Each structure stands twice: as structure tokens, then as C-alpha cells.
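Report on one structure; see the data block that follows.
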Amino acid sequence: WIMGHMVNAIYQIDEFVNLGANSIETDVSFDDNANPEYTYHGIPCDCGRSCLKWENYNDFLKGLRSATTPGSSKYQSKLILVVFDLKTGSLYDNQASEAGKKLAKNLLKHYWNNGNNGGRAYIVLSIPDLNHYPLIKGFTDTLKQEGHPELLEKVGYDFSGNDAVGDVAKAYKKAGVSGHVWQSDGITNCLLRGLTRVKEAVANRDSGNGYINKVYYWTVDKRATTRDALDAGVDGVMTNYPDVIADVMNEAAYKNKVRLATYEDSPWVTFKK
């Protein structure tokens, strides 16, 4: 999965997919009542990027729906996965469950079209704080209450705080999650970060009894870092330059080893070599 980083304006969906991304990451900010409000990152953000692009969250969902609904004039068949980077740092811990409920209602209405031929992309809810694990239950309970438990088949989870792998496992246990787990590791492109924790996450994924299904590394903009990440066995790389990742994947060392994921590749099934 080549994951386009910080895709917060609707026009950027096409821009990143056309550069080679089959997945995008979108920031979601919340208002004081835990309603998802804008797709907005704000300052500071990655070096070389504008941090201030935004849409109203519901408008973005509608744009995303057209980009991922077969038959729509805006349809991009390659776009198969969307990571919502949930900026829950602005919320009190006791609002996490409420944020999950509201997120579920927004997605159900504006993205899934109330279960009636909505967008088809898989969704990863990425949460920065382990204490906000109740967001997951708020989300899953709401989809069930609204009569659409089948949509949970399209939803996965990520804790993005670079916490110890064991602590992340405990948070999932509390949230009642087993499966559909992506594990992120990384840092802004302005700084360097080694691959120690990525390798630990990959080992957990491949152990047969770990909690992780997929591992992605962020933010990867350089060819050398891309090669290191692919060598470490990641499933996804998040990048500001999808074309750079695509180029590296076409190099002799990689072109027979890795390929771009398609809609038929489940993002929840651990790849067995």
C-alpha cells in the first residue's frame, strides 16, 4: 500500500492517486463536543508541505465517496484504503467514546450512504492515544445499533503513538479488538527514525500469535528510506511523494518481491510468504 500523506482537500485525492497512491491518509479534527469537524492538520506539519488545506469533514466524506464508488464520474479504482488520522488530542479522555459514536454516524451517512452503494474503500481508524481506546467501542456499537454491523468488515484500527508493542496489545484487549489491526511506526519527514520498532512490529505480525495484521512506516520521502522499509518487510509506506515509492518498487531488487495492493487483497489478512 502506497499511502498518500495528509490528503485533506478533496482535489488532493486525485492528485495523490494519479502519482501512484492506492491509499490516502486524512487528518480529522474535532470540535469541543467531539464532533468530527474538519479534515485539517495545522502547523507544524511535514517539511515541504502546506499544513493548512482543509474541508468540512462531511464534505470530504462525500468527495471521498465519489472517488471510491464504482460508476461515479470521479471514481478512482486504485484507491482502496483510507486512514483517518484522528486528532483526538483536543478531546478529554472521557469524550473518546462519544467521538467514536459521532464518527460512525458521519461515515454511515456521508461515506457509506446508509449502506446503499456507498464508497467501497477500506477504512482504518488511527488513534494517537492508547487511553482513547473507548473510541473504538463507541464506533462499533453505533454501527451495530444503526443496523449496519456488516460495514465493520470494512473497518480496521491503528494506534499511532509509537507506544511499546505490548502496551498497544493491552489497549486492543480492552477495546475488544482482535483482527483488522494495522500498526504504524514513524515520525515526521523533518526528522530521522530508525527501524527498530518497525522490525519488532513485523516480528509480532509474523509470529502467528501476535495482534498485528499489517505494518506501515511513515513518513517516507526518500528512495533509501523506502528501500530500508521494504527490506524490513512493511506492508505500507506513507509518503508525500507516491511516485518515489512506485519508482523504488519497480527497481530490479523489488519488482518481483512486492507489488501494489488491489481491492482483492484484504487489508486485514496477514500476508504469508
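Glycine is no exception: its Cβ is also placed from the backbone N, Cα and C atoms.
Annotation source Swiss-Prot lists active site at HIS5. The feature active site, nucleophile is assigned by Swiss-Prot to HIS41. The Mg(2+) binding site annotation in Swiss-Prot covers GLU25, ASP27, ASP85 and rests on similarity to another entry. For CYS45-CYS51, CYS47-CYS190, the entry in Swiss-Prot reads disulfide bond.
Shown here: features listed in Swiss-Prot, placed on the structure.
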| residue | record | contacts (Cβ under 8 Å, 6+ apart) |
| --- | --- | --- |
| HIS5 | active site | GLU25, ASP46, ARG49, TRP218, THR219, MET238, THR239, ASN240 |
| ASP27 | Mg(2+) binding site | MET6, ASN8, THR39, TYR40, HIS41, ASP85, LYS87 |
| CYS45 | disulfide bond | MET6, CYS51, THR188 |
| CYS47 | disulfide bond | THR188, ASN189, CYS190 |
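Annotated Mg(2+) site GLU25, ASP27, ASP85; additional same-chain residues within 8 Å of its Cβ mean position, judged by their own Cβ, are HIS5, MET6, VAL7, ASN8, THR26, VAL28, HIS41, VAL83, PHE84, LYS87, SER126. In the three-state DSSP reading, CYS45 (disulfide bond) counts as coil.
One residue stands out among the disulfide-bonded residues CYS51, CYS190 for having the most other Cβ atoms within 10 Å of its Cβ: CYS51. For ASP85 (Mg(2+) binding site), the count of additional Cβ atoms within 10 Å of its Cβ stands at 25 [all protein chains shown].
Under DSSP, CYS190 (disulfide bond) is assigned to coil, being neither helix nor strand in the three-state scheme.
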